[in-house]
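> Take a look at the following structure, please.
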Amino acid sequence: MEKEREDEETEGRERPEPLTDVERGIIKDTWARVYASCEDVGVTILIRFFVNFPSAKQYFSQFQDMEDPEEMEKSSQLRKHARRVMNAINTVVENLHDPEKVSSVLVLVGKAHAFKYKVEPIYFKILSGVILEILAEEFGECFTPEVQTSWSKLMAALYWHITGAYTEVGWVKLSSSAV
């Protein structure tokens, strides 16, 4: 019965390749460096996200009218959301050994963004790309091709779980011009 339910939920969606033990170790090691300056890195990620994809700001009334990256950087609301994003990633990284915990955290994120905030799920894919871009720029010395591959697999898994939550709640795409 559980297998049938899982098949229904994942129908039409290819599950990403699972992380190996080595890849989980790589992610945990590099994340320790990133998380040491999590607020600054998180702010950099969100600023890049909003500058390159200004349509994403529509979901944030507190700073949707901000155009200047310096103004965004000073926004306490943006900093608060950056901490939330980084803390969610931290929870995932800390629990890579426990796929059920990772899934439950990401399903909560997905459901909240679908129900409460009405965020188009494509923004999670876009944000994943921005995260990878910033990590490579800010931590280039340790962001080898092997590290990039590990993080890319993690971002694919995050997106898969989050969009799975959207599917689970019966998300209907709002418009094709949102992005």
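Cβ coordinates come from backbone N, Cα and C, glycine included.
Marked as heme b binding site by Swiss-Prot: His81, His113. Annotation source Swiss-Prot lists compositional bias 'Acidic residues' at 1-11. Per Swiss-Prot, domain 'Globin' is recorded for 18-167, and the stated evidence type is sequence analysis. Residues annotated as region 'Disordered' in Swiss-Prot: 1-20.
A description of the local structural setting of each listed feature is requested, covering burial, neighbours and distances.
Classification of His113 (heme b binding site) by DSSP places it within a helix.
Using DSSP to sort the residues of the domain 'Globin' (18-167) gives these counts of helix, strand and coil: 119 helix, 0 strand, 31 coil.
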> So among the binding-site residues His81, His113, who's got the most Cβ atoms within 10 Å?
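Result of the Cβ crowding comparison: His113.
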